[in-house]
Each structure stands twice: as structure tokens, then as C-alpha cells.
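Asks: Below are the features listed in TrEMBL for this protein:
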DOMAIN    58-165  domain 'WAC'
DOMAIN    428-491  domain 'DDT'
REGION    499-556  region 'Disordered'
COMPBIAS  504-518  compositional bias 'Acidic residues'
COMPBIAS  538-551  compositional bias 'Basic and acidic residues'
COMPBIAS  720-734  compositional bias 'Acidic residues'
REGION    720-775  region 'Disordered'
COMPBIAS  743-765  compositional bias 'Basic and acidic residues'
REGION    953-985  region 'Disordered'
REGION    1000-1056  region 'Disordered'
COMPBIAS  1002-1012  compositional bias 'Basic and acidic residues'
COMPBIAS  1028-1039  compositional bias 'Basic and acidic residues'
Amino acid sequence: MVCGLYRACAWFPAPEILPGHAEIYILTENSPVSLLQVLFKRKPVQYLPRPTIEDDSEEVWVIPETNEVFTKYQQFLHRMNFYKQKRFICEITGHSSLTFFEALRSETDGSREVNSAFPEPLKEPVLRKVQFSTISRIDSLVDQVFEDFKQDFYPGERVTVLLTNGSRLQGIVREKARFPELINEDGTVERRASSRYLVKLVNRPNEEALLDDEHLIRDRKIFTKQMLRSFIRNTVTRESWTGAPWLVKPEIAKEYRIDTEVPKHLQYGNRVGGKKANVAVDKEEDESLFGFFYSKQRWPNLKPAAKGQKSKSNVRDLAKAREDQYLEYQRALNENPSFAVPGNFGPDGVWQISEDSANSFSFVVQNGPPLPPPPPPPIKYPIEDLDIPPSHSDKLRPPVKFLTDDQRSELLEKSSREDNLLSGDINMESMGPLLETWNTLNVYCQVLQLDSFTFDDFVEAMKFSSHDVTCELFVEVHCAVLKTLVNDEKDQDGAVQISLPALPDEEYEDEEEDEEIAEPDREPTPPRRTTRSSYAKAEAENLKQQLESRSRSGTAEVQIHRAAEMFGDYGWIDRLRKRDFQKGGWELVMVGLLHRLSHRPRLQKPCDEILAHLAPLDREPTQGTAQEQYGTLDVNLRVKALQIICMLLLETKAIKNYLEECSIQMTEFRKEKIDYQRARKVCLEEIRRLHEERKQLQPEYPPSPVPELEELADVKMTGLDEDSEATRDTDDEDVHAGRSLRRGADRAAERKRRQEEERERKEQAAKIPKGSKQYQRVLKKIEDEKAKVKSYEEQIAVLDNDLREADCPRTRVLGKDRFWNRYYWFERNAMPFEGLPSSSTASANYANGRLWVQGPDDMEREGFIDLPDAENEKYTQRFKMTVRQRKELEEGPTGVSTALEWGYYDDPESLDQLISWLDSRGIREVKLRKELQLYRDSIAKYMRNRAEYIGKNADEKKSTEPEEEAPAIPTRMSTRTKPSGGEDLSSRYRCLRWKNGTALRENGHLHVEPARPTKKAKRSTATAAASDDTREREKEGKAANRQGKPLTRQGTKYQF
């Protein structure tokens, strides 16, 4: 009994049941599967052949969709599992990730739909055009066929007739006549090739029109590239070898009587054989008798003559071959080579070689010039930068400027007056920590509740020192960082957010407690609990015990400071919890923190150096001493102290939470950007489709010129790169509240300019003569889609800027040059280009305004510049100089040699010279050059902003100098010691103009000030304290407000 597995389909023929054999299925040979081609790995599925069944009673399994028969059930299951994999492709629709049966149904439905939708009169001409075509890509084939049939019509096809009055009528092509091209004797075209059509008008039964192809069009929905592609995929096939022609499927070719015999030159064997023959001919032509005769002449065969073989060469050809060979021989002798070839001419004229020497062919060149060495292979760039030969154009890198006093050449161009003032006392070793600290404070200014500030103001603040006027920038920076290290006493009981080194006495006590616990006769003593009020006591006791033990043992170390003696019962951690920063409080906290950190071996030396000045041995260890000594602390030690606490800042939970928040925010920005990019792509596709419709609806004689059509046709996907600055100035406000975006300064002017351009464009469009209503509607849709694309691009630009500002984890380097110098533009990521727009110094319109250059680190310098002697000799042989000499030659006198050295560029001209100096053939400089070109406009813009801001301040200083130099009136001689003198200093020093508006807005007070009491606080205590403070300040001669607080540079801002 034969068992069959049959799946019913509407288009399958009904199975025949043989009489006397129940349940026996016989599938017809002409299965519909042969007309369809399901693809697997982009190739048609190959069906298994039917096995030979000798016994009719044998059990078989059948897959009816493919007519495959199996005699073993395991083979049937294996094949079914293969067909059920989602790895098949529908050839007509192009859908992938389908099972075989899903792809087959899709092929069937698509084939039926294409056959019914594609115009019947066009099927045969298109198939004849495609038959035997050798265009490999189907897209190119579709484009060619579409262009050929775009204005070519055939009898029976429904067309639209365009009359001269602009009206349209429907018609059917009845007859077609072709007229060839006529060319005059002089080569000019008298008449182009064209066709004439007799068209029967549908709405006018008794009328016909004789028209050319310029007055006929098809319905745009009937003949499209997509439909043509589907029709070709459904009816044509092609083998996978290179150069294979397209072939119409046999059943369809038979239906339309299309020749299926492939020409011989397109058959696989002839194509491959022809290629091999051409290769062999070329090879023979390239080979010669002796190897050094580069002649294309064919030489006689140099092989032993077969016995009994007779020559078929012509006598004339033989004589010519002998003569040519003799001439080549004489030419070789004149050039003074000598060679010997065993053998001679046989009687039949064929050059014969004896069997003994047939395999020992050799020649000797004597007294000839040596053959030139083969040329080196072409260099594939980019390569190692230092392997590129030095340039002989004397083109040097533009000179680098420095903030320090240790310039190493007299040729260094002097910086501006402001730079000379700022670079007075700063050592080169302090430049790296100075830049690192400024960058950290500005990146995390929102966490620290600080207004952003420029680098020039920060440098000036670090150097500023005055007993009469306090620099708010210097004080607020320190207090903001210190407040982050330890919580307020009301927040988690004043938890310390950083890890501090253990005190030596605590470790010693722990060891003693362990010994006491080990004794069985004594009751164990519980470990001492260290509370927040006992930190200072522990430190004082620890210092006292150390001094006593050292004095007793006689091995006491030399004391260099009195930091521990500054704290009694009120330790620095308790002071920091209470935010007691005024009157030298924060300076005292710095002393305590640095003293605690000095127990770390890595920080012991810098901390002791700072504490030796803050708590000297010749001054009393008081709070006033710390305040006075911090005012006279060297700027390099100030930078070192601030760097230490900024490094601790990165350990706090607040910074870690902020980084995590930025990471989540960047993920959201990327998702939103992808959505906008997809929406923009959809709009661009719609614009292209509308352009196709516009071309079909365009009047025959449109008004000249048609404005904006070329502009509309040239919509590009890369619109962001063409005008990056314009897209940054978007009109959207408050896109993301998480980060502040700088683009509000000239937003009104930009909006006004765009409105005027839009109004002018509409006025010009109104003057154009109106065409058909449908044509105008298409133009309106194109305008609307263009507006959407523009808005999407602006949103993408906003998100790009948000991603840049939220990229906070690390400072990204622009790249390295050939000598491993690093280039930094600190505004590149993690901060707005011009600082926060709400900052008190936002009018400066820049943050750093420089391109910084850092020298190579020790490993790079030792591995690539200061090479060993052997490597230096090799490099000198190649380029006539060592790498160090090349560095000094190409960088000029202002190079940087180590990672501790920093220089900068601050003008666009030097930036352009640097970009032109970089060599794009090097692997490092090609990347650096690309980054600099990408950010060139932004870097140059903020360089100019900085120069303008500093120049304006220099002019203000010059204007105030005559007033200061003029002789003062005797009654005003004492005003220099009064608080009003701060106004004179603020006009001379920019750092005094900075105010911490962020802390005032969020906290209601500065960081250095204590928290404001609530309205329900005890007013009597506050009033009494204010009156006492007022009396004290009146005795000191300082002005105070009604609450007893001194008048600050903020005026009456705090007079509540």
C-alpha cells in the first residue's frame, strides 16, 4: 500500500486515483512549482529527483508542493525540516526570512498580482528586450528597460492623449508606425527616429487621432520601475556565472513565441573557453626565446622534433623566421652579451634540441651591465608618520604660545598683554593640573552648583590675592568641592563621601584590643567608637602621642608644620558638616583635609609642602593663620591643593549618579535621533516620489524659469554637513531640561531672517503663472515635505549637541601628530561651547578659546623619538637626520618635549597653518587633520570671541589708568583701604566680575555662607546675634546692613 502526504492547493491539479489501488497519488509532471523560483541563499531551490520505485507496494512519502518523493521517512523529515527553516526568499517581492511554503505562497500571490497588473500589450516587447541581455544587476536592467519603453507605446495599450489646449483624453493605441532617423551627407540629423500612433479615443467613439510619442503618456500607476522589476523577476531567470545572459522561462517563452536558443558566444563553455584562449595568447606573446627579448614576435617552437614528423611550414615563412632570428642574434651581440644554445636547425627548418640538453637550457651574460633592481612596490597610505620623508619646503609648524615664563626661545612671539600677566608665576609643571582642574569644575558645574567660568578668569583667580577684596570665584570653587565631599549634618547624619586614610593611633589601638581579647583572665574591652565629634580629638591626641614618643625615644622626625595643632574639640569634619566656612573656616578645613591625606604615601610630599606654608612653625596654629597664609600661598601650590580635592570629588556618589544620569540621557538622545533620521528618510523618499509625479504633470511649455525646481530635485541626505552652524541655531526651546543648551543669544535675529526669506520666497512663487491645480498641489506637497525635512535636521542637530554635552566620562583628545604631541580642544565634549548661558560671565561668549598642545609621554618619547643608537643610525641613513633632530627642525623653537609641557594656539591663522602643516599620509595626522577640519569653524569662532573679549577688557583698563595715575584729592586719600576699592579692582581684574548665580538661585545663598534660617526660626536669637555682629563691624569700620551682614559686591541683594 502506498501512503501519500498531500496538501491541497487551489492551483494544484487534482490527484489521479488508480483503479484498484486505494490512496495512491500520482502528481503530474507539469507542476506549478516549475514556474516559480523560491530562493535559498539567493539561488533557486534545487529539487531532488524522483527515485526509481521497483515495487508498487513500497511505502513512499510525497511533498506535493515540490513533487518530491521519498522512500525513507527520515529523508522526508529531514527535507521537511529544511523547508520549514525561515531562510527562504520570495523572488518576486524580495521578502526574506520565510519558510519555503510561505515563500512559495508569496511567489504565487505575487505572480498572479503582477500578471494581472502589468499591461498585456507590453509583456511580449519587454520579454524580447530582456531575452539574452547580459546586464548583471537587475536594477540596471530595469532602469534600461524603463528608459527604452518610457515613450514607446504598443497597439492595444491604454494611453492618455495630451491635446494642444491642455486637456487630456483617454485612448487606446490601434496602430504604430516607426520612422527611422535621416542623416544628411554632412552628418547632421535631418529627422530624428520617431513613431506615429493611431489612437482611438475612448470618450469619442467615432474619432481617432494620429499622434507622435510627445503627446502620449501612460498612467503612472500602470508602468513603474517597481512593477517592471516584479514582472522581470517573475518571468526571467539567470544563472550565477559571470556574464550569464537573462533567459525567459521556457513556458512563458513558448506562450509568446520567443526564441530560446542561446547564441554560441553567450554560452557558458564558449565564454569560459574564450577567456582561457585569450589568456593563453597573451601569455605566449609575453614569453620569448631567451627571456630578455621583450619582443612580441612569435618565435619558432623550441622543442625536440617528434620522430617521423614532417614540417608543414612554408618555405617563405621558414626563411623569414631564420632571418628574424639572425637579426635578433646580431642585435644581442652588439649589446655585448654572449650566450650559447645547444641545438641546430633540422632539415625541415625546425629548431631542434637534443634530448640530453632539452631540460638543461641555459644562457650566460658576460661583461654586461647589471640588471636594474626591481622597482619597490607602491606605498599604500596612510603609513607610520615618521616613515614619511621630511619635507624640503622649509614648512614649519606654526609657533606655539605658552602661559609660563620658561619660554625656550627668543623667537617666540609675544602673547597679548593679558596672557603675559597671567603667565607670570605659573610653572610648566602646573599647567596640566590647572587645565585638568578647570575642565573638571566646568564639566560638573551643575552638580557643584557653580556658574561656568572662562579659563582666563580661573587662572587670574588662582593668582589673585588681596586682604581687602575677596575673589568670589576662588572661594566658591573651594567651598563647592568641599561641600560635596561631606554631606550636611542634616543629610544622612553628615556622611563622609570619600575614603580617608586611617589614623596611625587607630591602627595601634586596634592591635592592642586584639591582644586584650586574646587574654582569658581579663574581660575584653569593647572597641572604641569613633563618632563624628571625636575625629579632631583623635587627631590631636595622635599628634601629641607621636611627639611624646619621639621625644622619649630620641628618634623624632623633623617637624615641618603645625597642622594638627589647629584643631581642638571642633574638628575639620564637624566644621565641614556645619558648613562653617566664613572667617577662614574653609581654609581651616583644607588644612585638616590635606593633613589627613598626607598619610597616603603618594600624597605625603605635596601635602606636606602645602601644609608647611599654611601651618608654619613660626605662627600660632589658629584659624586666622590659615586664612592669612592661604592668601599668600604660591599659585602652583594652590593649583596642587585644588587638584587634590578635585580628584577626591570623582569618588563621591553625587558625581557617580550624575555620570549614570548622563549615560541614560545619551541613550535616550540616540533613540530619539534615530527616530528623527527615519522620519527624515521617509520624507525624502516622499519628495522623490512627488518629483516623479511633478515631472509627469509638468506643462508642456512651463514658464521660464521655474524657480526652485532644481533646488527641490537636489534634496540630499547629508543636509547637516552643509550648514552645521545654521542647524545649531534652532528655534526649539527647552528640548531637554537635563542639559542647558547655548543658542539663545541670537535666536530672535535668526528667526526674523528666516521669516523674511520665507516671505520673499512666497512672493516670488505668487508671481509664477499657475498651471493645473493638480500640478500646484504637488508643488505644495513638496514644499511641505521640505519643511518637515528641515525641521527634522534641526532636531537632529539639537540632539547631536545634546549628546556632545552629555558625554562627560572623559576628556576626548582630538588626535596626535607625527611626533606624538596630543591636541586638545576642551569644549569638544561635556560642556557648552560658550559656557552656561545663565552664567554671570556668559557675555564673554567663550569657555577656553584655545587649542592646547601637550608633549609626548615618557613611553612614546623613549619608543619613537629618543631612539637607541642602532635605531638612530638606521633612521639617519634613510633621512639624513635623527628623529629628535627632525622634531627640532620641523617644530621650530617652540616645541613641547614631555607630557608636562603644554602650549596653545589662540588665533585662526595659526589653526589654518597647523592644518596645512599636517600630512594626511600619516596614520596619526590623517585622523587629527580630519578632526581639526571638522571642528575648525567652531574653534576659530571662539578664538575670535576670546580675542574680542580680552581686547575689550584691555581697552577698559587703559581708560581707567589715567584716573588712577592722577593725583588724588586729599579728602579721598583713604578710600583705597575701604570696601569701595573692590570696584576699582573689579575693573582691572575680570575674575572679580564672576558671581555664583547658580548657588543663589538654588540655595538662596553662596556656598561660603551658612544656610538661611527659616521664617519660623527664633527671631530673638538672630536679632541679638545680628546686633552684636553689627557693633563689632562698626568698631572695625566696615559697613553693614540691617541684619548685621557686611555689604558685599552684590549690593543689597541679601537685605531681606
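The backbone N, Cα and C atoms fix where each Cβ goes, and this holds for glycine too.
Give me the local environment of each listed feature.
Replies: Mapped onto DSSP classes, the compositional bias 'Basic and acidic residues' (1002-1012) shows 2 helix, 0 strand, 9 coil.
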Asks: Could you give me the DSSP helix, strand and coil counts for the domain 'DDT' (428-491)?
Replies: 43 helix, 1 strand, 20 coil
Asks: Let's see if you can do this one: DSSP helix, strand and coil counts over the domain 'WAC' (58-165), in that order.
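Replies: Looking at the domain 'WAC' (58-165) with DSSP, the answer is 52 helix, 15 strand, 41 coil.
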Asks: Give the mean pLDDT for the domain 'WAC' (58-165) on the 0 to 100 scale.
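Replies: Here the mean pLDDT over the domain 'WAC' (58-165) amounts to 88.
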